[in-house]
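Since the structure comes first, as structure tokens, the remarks are kept for the end.
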Amino acid sequence: MDEEESTERQMQIAMLCQKLAMMKQLFNEDDTDYINQAISSNSPDTCRTFLSNLEKKGNPQADPSLLSKLMDSYTRVFSSMPLGKYSQNESYAKMLVRFAELKAIQDVNDAQTSFDIARSHCKDFAFVHVAYAQFELLQGNMKKCTMILQKAFEMNAKPRHVLEAAVRNLKTGKRQLLSHEDKENLSVSALDHTQGSRRSDGTCELKPSNTFLHSDQKFSPQEENGPVWRTGSQHRRTAMAERVPMVPLSIPENETSDSDCAQKAEAPFTHSSGFSRQTSGSSVRSAFSLCSSKKGTPDGDSYSLNIKPPVISPDYLREDIEEGHTITALLNRAEKRETARTEETTDINQIISTNSTEGCQAFLKNLEKRADPHSDAAFLSKLLDCYSKVFARFPLAEHCKTESYARMLVRYAELKGIEDPEDAADDFSIARSHCKAFAFVHIAHAQFELSRGNSRKSVSILQKALSSNARPIELLQTAIRNLKSGKTLLLPAEHQESSEAENVEAQNGMKREENPVKAPEDHQKPFSKETSSEWKIPALITKHTSPEDRKAPVEPVSSSSSHHAVRTPAPLRLNPSLSCQTPNYRQPNPNSFVTPVVKQRPVIVSVPATAQKMCPTALPCTPQSGVSYIQPPTQTPSSAFSNESITIKGKQFFIFKMIGRGGSSKVYQVFDHKKHVYAVKYVNLEEADAQAVESYKNEIEHLNHLQQYSDQIIKLYDYEITSSYIYMLMECGHLDLNTWLRNRKTVKPLDRKAYWRNMLEAVHTIHKHGIVHSDLKPANFLIVDGSLKLIDFGIANQIQPDVTSIMKDSQVGTLNYMPPEAIKDTSSNGKPGSKISAKGDVWSLGCILYCMTYGKTPFQNITNQISKIHAIIDPSHEIDFPDIPEKDLLDVLKKCLVRNPRERISIAELLDHPYLQLQPQPAPEPAETSSSDFKRILNELVALQSPNSIARAASNLAMMCNSGRKLDVSECVKSSSQTLWK
């Protein structure tokens, strides 16, 4: 026993040594101090230099730890340098591009989202468009690659010769849009720009060089090491308290009480760094010229910029800069911003607390008049957040019959269309299915589809609205007439005004009654030129306001003004003092001004994840959206409640993230009020054909019927079917078998055997109930708590118990797992067809087991599809079965992959196969023990004084008895004697 304890102590010592070694390695490799220094410099140039040097330490494609460290570092940089402030800085744009390229190593879809964000916000840089086009070209999307480059010319991205070179290379069929020489020239140009315009000493004086003054140069650099003069509270406010969860405009200047918000892109920079002596307008466009005279600041060391933006006059911008000449003025300004923000949050909460959907609609409508959501990304995100708060307070099932609620649903969908038309289509479908009694809901959806070029669907929506008896019918008839006449606007503005005038008057009356003191101020507040009806017309989704329209709401307003003058609350989806967000997670329309939005999905440390609209507290998100099937252990729903929810039969579920999509369906990870996690499959029946709708309904029927028969079928807890959508509330797993196999080079024998049994049991269950799957593949199985479960029925077909096979009018299945009989032509009477049966599922399962054994499918090495089909059905083509130690496994593989289905083994036989049976060891014959042996053992036990020693000796004796071995008295005595020396 001494040896055992000694061995245990040695193991503990070894573990401690290992931990110390890991800590030492971590200490040596820890770049925290360096990244902190780079971030504290407030210089994208410095941060990019640090990240470039960090990447040179290895190969991110081959080193996951380096890739993770790089992603974390980019995350921290983007958290501290919001996109809205630095998007016009060249180094920042290059960091966005490189981040997207690194994301492509992890997830192509996330990389595409990151490229979209970079292109929509840094559209003046040609290299951003070229990098995105290169990414799409490598994915094989030639058409999208061409479109991106064409859009870059339309956006007047510079330098133009880079775009021209990329187009030339694309037309000549080259895989690289920019040659190595072109990239070097681009890098040298950027380096000259950075070095020539950087301050030469620590006096914060800017030395403009010839390079900086050159007309082709777009931006002055960001300062690196300006002395920072700010209090601790101001540090905290800048770093954390004003971090906006959905929009990375996290610094005070974009949260001011001024209504110009994001339109004043340069002046806020002075405010954000108001306690540091630095040059103003560090990211000014090339259209701005540098003045030689200096501003009359107390220090006299900062240059003013003669800014001539198209929206805000230079005088207005300079006046705003001059307000911050003294620290006292800046402190007062910061305090006003903080007070205004508190009042804004309180104001929206007060409106919601009135339990009036009419009041909420009036507030949101008036709020929207303060800026243009089409061109102001920050304002758009705040509007969406306000709508989300309203919907969270007023459940859809209870208020869908209210006109004001229906109008809010419609306007929310229209605003979502600016960010993501796909999400907007879903929101329109939800609004139309729940508020079908209102004609304007159907017309808005039809207008949205018409604006996307789907005139056929627009007609279908209006026809269904007529059949559903939506009111007023006159509006529908007008919309149909306008559609048939070829007009792009289904309803003129006067129709919108007349249909809503009565409702608006009632809302205004309610507001005057609730806010009698503020009513005069509402009257005085100047609004934009947008008419009261204009906001409801879906066709205006892609409208960009003119500079004249945008000037109207620029006038600063007091923080104590009415609802019209109240700033939109920061979209605090979580704890407002802790949330840190960065450019993130959308799949935006390339033609829209896209807010870098986190789709409310929880972030996994070092590998940030693609939800759906959920962001965790105190963890910065990165500009990407990785769809992670693994739930982070530290993330709890209680700390991350989402404002986006799904209601299924009156029960509300909050969206974590989207974990999958395909065709007309999407799968979300959700949780309820009790923090139970589920998966919700949403199917948009508007986009599905009749056959797809029928297959979805069959899937629900099968799942619902088979719940009681097997634990290897995914659990279906509830579902809701309407004419326009389907909700399926199901069990949520960790990851599918296909992903699990992709992440492993080899599979452990015990895991393979356990998963094989799970698959057989699941398929055996559906076969017993007359269901043939006919498209089994690893992606059809989900790992839930260490067990495999069948998650769908593919192209499942129910057959009668006395029928062995059925005929299909086309070949079905996935080729690498498709049985020969499903490929062979069994046409009759000139009608093509193929045969499927339960034995076909056995072949598919055999291919999965083959993949788990050899790391590939039987015919995976044949790349030509025609040759692969011939090999599958050709009996003379022998399937390779390399020798393996498990002979029973080899026998299973050979019997599953028999081309003749009649000779192929059945599921029932596979369950009884020796491969799945435990191989019991022959039990040893019990040996007789003499009475003298017992006597010696008992005497030895009596001689022991220590209770621990007696217990150990008795334990050894029991182990000998249970093992069936003959009792070794000397061994027992030896063990007992050893304990006496302890």
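Residue positions begin at 1 at the first shown residue.
Yeah, the Cβs are placed from backbone N, Cα and C, and that goes for glycine too.
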Recorded ATP site member, picked from Lys649, Lys651, Lys681, Lys697, that accompanies Ile659, Gly660, Arg661, Gly662, Gly663, Ser664, Ser665, Lys666, Val667 in Swiss-Prot
Lys681
The residue range that Swiss-Prot labels region 'Disordered', out of 211-230, 291-310, 331-350, is 211-230
A 10 Å Cβ contact count, applied to the binding-site residues Ile659, Val667: which residue has the minimum?
Val667
List every residue in the same chain as Gly663 (ATP binding site), at least 6 positions away in sequence, whose Cβ is under 8 Å from its Cβ.
Ala688, Ala692
Whole-number Å only: compute the distance from the Cα of Ser665 (ATP binding site) to the Cα of Asp775 (active site, proton acceptor).
18
Confidence summary (mean pLDDT) of the domain 'Protein kinase' (653-916):
85
For the ATP site as recorded (Ile659, Gly660, Arg661, Gly662, Gly663, Ser664, Ser665, Lys666, Val667, Lys681), determine the largest distance between any two Cα atoms, in Å, rounded to the nearest integer.
14
Check each residue in the chain of Arg661 (ATP binding site) that is at least six apart in sequence and keep those whose C-beta is under 8 Å from its C-beta; list them in sequence order.
Val667
The correct three-state DSSP answer for Ser665 (ATP binding site) is strand
Inter-residue Cα distance where the pair is Asp775 (active site, proton acceptor) and Ile659 (ATP binding site), in Å
22
Tell me the Cβ neighbour count for Asp775 (active site, proton acceptor), meaning other Cβ atoms within 10 Å of its Cβ, over all protein chains shown.
22
